[in-house]
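Novice: Reproduced below are the annotations present in TrEMBL:
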DOMAIN    61-318  domain 'SMP-30/Gluconolactonase/LRE-like region'
DOMAIN    359-615  domain 'SMP-30/Gluconolactonase/LRE-like region'
BINDING   361, 504, 556  divalent metal cation binding site
BINDING   452, 454  substrate binding site
ACT_SITE  556  active site, proton donor/acceptor
């Protein structure tokens, strides 16, 4: 039987067995094939039509597309025009403004409205832009400079990895009148440790993509005409073991590889410069799975976006490289109907948010002011940090201060632990401004005057729980069993545990009716039954033993996420551990670039940023910066509960 259109249809679907069976069936009816074709076209299967739509007017070099889920907007750049752009999918509004140099990428900063990290010439910058047409851009901070010895390079493609670290590279200048010198660029990582060069001898740094399941990082140096694969360590951001997994020349692809993204099935989508297309590559077997034609020759980069992350946004250029590039060349396009989805684009986390202190402690996120409050114990200071502006202010108290927590109903009132006293203070948050003591609520451990209060938090009903610790020797040792744990509420100040060594982490789980508590020298996490109506705790047990599990360092401060997992700061462990208290298993480990991790809390607008305090105590060895700084960790995929404000006792 001759091959017919309906057989070609089924063949296109990849169903060779169906083609064969139908062709051999004695009563095969062409009408049946037409009906089958209609059914298939009506469904959501492989015959779904692909649509390529122009959404912006042309630029000379459109680049660096980034989809921001918070604003449901696409951000991208016009490299040579020195512009940054915002396109709102729902309204079609396209705005732009100008920067003082060629710009390679724009990525929102996690937890900070209207702040972006951009690559301008050789510099990583944090800027403030309200997204309005032509509005002024304010440079907030310079994060680092690269290629200082290579003036004829500039930053090109950049993206944030799954932990919020920035990866970006440079390319050699190819402009008119400039000598083109290959292999003068580099590839870099920017995180709390600063700028680190990962690769040298780069000519045109381009596409970047991560696959957590495969523990892989994919990267393109365009002139190689290949896709590199590295082994990727998500905890450290280190890459290693370079090899090539796809060769465009061997696969007879027209054009060179440029920007790149990855879908949820692990396929790479690669822009072909001078190839008028985006190709879909299977990196496991090194083959082209699909090809999408784009009505522009110079396709520069791609990213998934849209409400369902199933729209492929494509940037293009219109260089005159021997032939004029007529519109729509240079436009930005959106491609629908691909049947694929991408991962959310990561926002960049500039993880170190303050300069070092001696003992950073007691982080408390205040939702009303969208600010982080914390203390530096031995420096006797209280601090306020506002992520949206980057403003960090502090002032001094007249004694060692262990925690600061907002008071319900009073925006500038706080309860603090001052030496051995619970005190209500008034502070306007200004740098160096005076603090007024409003009320002394209680004094504890009167019989042990060398003690001081340590970690304190408020339970879900607004009661204050806080504990004390004995005196610390210069060697780092503490007086044993000199402290206690207290509860402060309408009934007064009540001792609920005694013989405490170093009172630390506190967390409540309403669903489990549980209170979790850490005495650091126990090297365990305690669990108590918790009565939310009375604040009483009972029936002590242990849910995790750090010594038995051979964890380096000791447990310090602690918080809990909405899934009931505990996040524990590990003093002298350089990390925060995620512990499931129900199974006693460590679920995750977040490395922090400081040894003495003191406490943690969730914050930010979506309560999905983990703020981490650290110390820089010289206990036998000097703790160099960034030890003692405050960090924020993003991209963890979890959220915390709102920090509760202290409810003033009625009496």
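Every residue, even glycine, has its Cβ placed from backbone N, Cα and C.
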Novice: How big is the Cα-to-Cα gap, in Å, between residue 361 (divalent metal cation binding site) and residue 454 (substrate binding site)?
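Specialist: Counting only the Cα atoms, the answer is 9 Å.
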Novice: From the centroid of the CB atoms of 361, 504, 556, the recorded divalent metal cation site, which same-chain residues not already listed sit within 8 A by their CB, in sequence order?
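Specialist: Surrounding the site, in chain order, are 454, 455, 502, 505, 518, 520, 557, 569, 571, 598, 599.
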Novice: Around residue 452 (substrate binding site), how many other CB atoms lie within 10 A of its CB?
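Specialist: I get 25 for this one.
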Novice: Counting across all protein chains present, how many other Cβ atoms fall within 10 Å of the Cβ of residue 454 (substrate binding site)?
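Specialist: Total other Cβ atoms inside 10 Å, all chains included: 27.
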Novice: Between residue 556 (divalent metal cation binding site) and residue 454 (substrate binding site), what C-alpha distance do you get in Å?
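Specialist: With the alpha carbons as reference points, the distance is 11 Å.
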Novice: For residue 454 (substrate binding site) and residue 504 (divalent metal cation binding site), what Cα-Cα distance in Å is obtained after rounding to a whole number?
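Specialist: So the alpha carbons of residue 454 (substrate binding site) and residue 504 (divalent metal cation binding site) sit roughly 7 Å from each other.
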Novice: Looking only at C-alpha atoms, tell me how far residue 504 (divalent metal cation binding site) is from residue 452 (substrate binding site), rounded to the nearest Å.
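Specialist: One finds 12 Å between the Cα atoms of these residues.
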Novice: Looking only at the domain 'SMP-30/Gluconolactonase/LRE-like region' (359-615), what is the mean pLDDT?
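Specialist: Averaged over the domain 'SMP-30/Gluconolactonase/LRE-like region' (359-615), the predicted model reaches a pLDDT of 95.
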